[in-house]
Amino acid sequence: MYIEVTGYGPALVLIHGWAMHSGVFAPLVEQLRPHHTLYLVDLPGHGYNHTTPTPLALPQVVHAIAAATPPAVWLGWSLGGLFALHAAATLPQVRGLIMLAATPCFVRREDWPHAVEVSILTQFAQDLKQNYTETINRFLALDTLGSTHAQSELRQLRKILNARHTPNTATLQAGLELLAHTDLRRALIDLTPPSLWIAGQRDRLVPAASIQAATVLAPSDQTELLTITGGGHAPFLSHANQMTAALQHFIATLP
């Protein structure tokens with residue numbers, strides 16, 4: 001599995017969200033590259049890894065990334081957070097975990113109210129078969145909905161998406177299956193690495209309340225929460241400076 005490497009300094013692995021690729025992190029990469037060695041992952045079926053044989057499944061992807069990277073902090077955005085959290089819960093080489101607009105459980109459950117209804121993801125999976133492009137555009141609009149810079153962010157996401165090979169329908173449906181059926185809440189209870197959780201105040205896909213609820217499950221003495229005022233589901237597009245400062249401070253304090 002191909003992983004782009006850039007920069008110099010302490011290692012940081014970045015894993016993107018549904019339908020995108022690692023190019024989405026460009027605003028962060030520009031600022032972090034002078035201070036960190038960045039390992040930019042395109043998930044299987046996405047971007048530069050659109051033909052990789054690695055399946056889009058947590059254990060296989062995490063193993064492939066771990067085999068190609070040194071001890072590092074792992075950052076996961078949205079869907080990418082499931083891979084980062086799984087790695088943090090199972091691999092000793094994960095020095096720290098950054099969950100960016102991501103939670104251990106993306107869909108609403110009886111004991112997990114601050115999340116999207118699973119029917120929304122099911123509908124996206126069905127719509128992909130009928131109209132791929134329209135469905136992707138609708139999801140990108142949800143990524144930016146609520147943000148104070150929604151229109152600008154939407155234009156950025158559309159441009160970024162088309163800069164590399166777009167995932168096929170089967171890959172996207174596999175990602176939706178992960179979002180709909182993965183529940184890693186139990187992994188938080190005994191989480192060993194320190195963690196930073198970043199929420200967009202206006203995020204409509206992963207409400208800030210769900211991220212706050214996740215931090216309660218993790219060890220309190222090793223868990224930090226940052227809420228980006230005015231941020232949506234992709235706060236690194238509109239608040240790159242604030243995000244970069246928070247990431248660097250967190251990484252600098254790791255043992």
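Placement of Cβ uses the backbone N, Cα and C atoms for every residue, glycine included.
The active site, nucleophile annotation in Swiss-Prot covers SER78, and the record cites sequence analysis as its basis. Here Swiss-Prot flags ASP203, HIS233 as active site, drawing on sequence analysis. Look at Swiss-Prot and you will find TRP18, SER78, LEU79, PHE139, LEU140, ALA141, LEU142, ASP143, HIS233 tagged as substrate binding site, backed by sequence analysis.
Cβ neighbour counts within 10 Å, taken over all protein chains shown, single out LEU79 as the most crowded of the binding-site residues LEU79, LEU142.
All protein chains shown were included, and the count of other CB atoms within 10 Å of the CB of ASP203 (active site) stands at 27. The two recorded residues TRP18 (substrate binding site) and the residue listed as 'active site, nucleophile' have their Cα atoms spaced 7 Å from each other.
For ASP203 (active site), the recorded positions whose C-alpha atoms fall inside a 10 Å radius of its own C-alpha are HIS233, out of SER78, LEU79, LEU140, HIS233. For HIS233 (active site), the same-chain residues 6+ apart in sequence whose C-beta sits under 8 angstroms from its C-beta are SER78, ALA101, LEU142, ASP143, THR144, LEU145, GLY146, SER147, GLY200, ASP203, ARG204, LEU205, VAL206. Residues listed for substrate, TRP18, SER78, LEU79, PHE139, LEU140, ALA141, LEU142, ASP143, HIS233, cover a largest CA to CA span of 16 Å. Other Cβ atoms within 10 Å of the Cβ of TRP18 (substrate binding site), summed over all protein chains shown, number 24.
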